[in-house]
Amino acid sequence: MAHFEEVSKQSDLHPKPAGLVLQYGTAGFRTSANKLDHIMFRMGLLATLRSKKTKATIGVMVTASHNPEEDNGVKLIDPMGEMLTSSWEDYATQLANTEQDELLTTLKDIIKKEAIDMSREANVFVGKDTRSSSASLSQAVLDGVKALGGHSNDYGLVTTPQLHYMVCCQNTQGKYGEATVEGYYRKLSQAFSQLAKNASNRTDDQKHLSVDGANGIGAIKVREMESHLKKHMQLSVFNDGSRGKLNHQCGADFVKVQQELPTGIKINPGDRCCSFDGDADRIVYYYTDSQGDFHLLDGDKIATLISTFLKELLNEAGLDLKIAVVQTAYANGSSTHYLEKTMKVIVKCTKTGVKHLHHAAQEFDIGVYFEANGHGTVLFSDGAEEKIQQLANDANINDERKKVAFLLQNTINIINQTVGDAISDMLLIEAILAIKGMTVQQWDAIYSDLPNRQLKVKVSDRRVIDTTDAERRAVTPAGLQEAIDDLVKKYQKARSFVRPSGTEDVVRVYAEADTQESADTLAHEVSLAVYGLAGGVGDEPKPLH
């Protein structure tokens, strides 16, 4: 076949370094940019096969998200804008690690296993972030698509969620929206304007938000969108890429982990601020108080705000829809307690990793999911959207219920249901705060986080740790869970769990308790138990104080 000759020829221009082995994980491939050229070419090939198999457009995003600037990465996007299905993750790993002279054999194996009709058309959307390496790496993806005779649409610089959105728009024949960046801005900003009309007499101060763009693509895109939001929002964009380095001492990951303001942002006490990560699929909020103390509102606080708002709207609309919040073991115990006991919302705990949360959220009429790091969104089932639509069109309901139905419709339109999206989440949060007339301090006061601590312990083999109950309990090694249980009993409002890292030989330890000192001590004692029972290497963990 002519295509295979072309693949062979092109592959020589994107050679694989002998012996290099990489794994396709939740975030796709991610490593130093200089090791990725062959991977990108091969992911172009794989996306073309996936497109032929699904008879749909597939997306390929070149980004390393919150990683340092010298790294890069790639992830594939399935037809409805969701992450690549896990059986094809295995093909991605296989294809990436095949030595140069075996590439065609591996390719033909995948075609045979999946019974792919190679005469079918293939369509691939490609996007990239602002890293200096992204231009040549996205070109390698395009080369791969072309080598197998696929058609490509190069969107150039886009946020990761924007590319997920375009793929979904394309494959729903425009039902989800228009597959252009401008179409994305229009859909979200129109929904935001409609929601903002329900906020009474907002002052310019209340409309103001400081945004830390992590010196990445999010800063560029939020600036492009600003003109659409003029009347209802006033943005000050910091770390916009004009000076600083991508993700360096700024961005959502830095703010969440360090619990401090990003560099390059100038704010007054009480000012509302948010940070995106490098590819704008995560967001966290924060402010400083009059004493200069820093207050973080992470994914847990965001999920609580959104689910509370939606629950209230459903009650006012008289709609009987099942709403749930999906969390991981890392969610703060106070948020879980508040949601279950005060809001009477279903809370489901799942394994760490966005894919698991997304999947669990699909089980409900409305599923709100956020990881504590600020990656998350809201999913509405087809049935839920239909019921809301019917209510909005019902001529026999009173004005109050009709108004609520329109609020729900615009809430659906402002949300990017394909994946966590910092810009979409920001607009939703801003709309909710405006409608409820809430300050960032009042939002923060909904509940108080329990003090917590995360540590990691180096071990010789992370696979000795096996977990159950959504990673909240350790099954192996023998005696570890019993040791953790005994330690937890010593403290008030305490819990702790351990889980193996997905990428390195370390065990992650999480502990929370009624005081920071107790949380720190518990985390240290559990670290010692892991070190002793799970094959710790290097020096024994030292106390934090």
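Cβ from N, Cα, C; glycine included.
The annotation active site, phosphoserine intermediate is assigned in TrEMBL to Ser65. Here TrEMBL flags Ser65, Asp277, Asp279, Asp281 as Mg(2+) binding site. Sequence annotations record features per position, and here TrEMBL assigns substrate binding site to Glu371, Ala372, Asn373, Arg499, Pro500, Ser501, Gly502, Thr503, Arg508. According to TrEMBL, the domain 'Alpha-D-phosphohexomutase alpha/beta/alpha' annotation covers 52-99, 119-167. Under the heading domain 'Phosphoacetylglucosamine mutase AMG1', TrEMBL lists 179-284, 298-437. What TrEMBL lists as domain 'Alpha-D-phosphohexomutase C-terminal' is 475-527.
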For Asp279 (Mg(2+) binding site), the one of Ser65, Glu371, Asn373, Pro500, Gly502 that lies nearest, given that the recorded positions are compared by Cα: Ser65
Taken over the domain 'Alpha-D-phosphohexomutase alpha/beta/alpha' (119-167), the model's mean pLDDT: 97
Residue pair Glu371 (substrate binding site), Asp281 (Mg(2+) binding site) - Cα distance, angstrom, rounded: 12
Same chain, 6+ residues apart, C-beta under 8 Å of the C-beta of Gly502 (substrate binding site), given in sequence order: Gly25, Thr26, Gly353
Cα-to-Cα gap, Asn373 (substrate binding site) vs Asp277 (Mg(2+) binding site), nearest whole Å: 10
C-beta crowding around Asp279 (Mg(2+) binding site), within 10 angstroms: 33
Helix, strand and coil totals (DSSP H, G, I; E, B; other) for the domain 'Alpha-D-phosphohexomutase C-terminal' (475-527): 21 helix, 15 strand, 17 coil
Binding-site residues (Asp277, Asp281, Glu371), the one with most neighbouring Cβ atoms at 10 Å: Asp277
Cβ-Cβ distance under 8 Å to Arg508 (substrate binding site), same chain, at least six residues away: Gln454, Leu455, Lys456, Val498, Arg499, Pro500, Ser501
Those residues of the chain, 6+ apart, with a Cβ under 8 Å from that of the residue listed as 'active site, phosphoserine intermediate': Ala27, Arg30, Gly73, Thr160, Asp277, Gly278, Asp279, Asp281, Arg282
Extent of the substrate binding site in Å [max Cα distance among Glu371, Ala372, Asn373, Arg499, Pro500, Ser501, Gly502, Thr503, Arg508]: 19
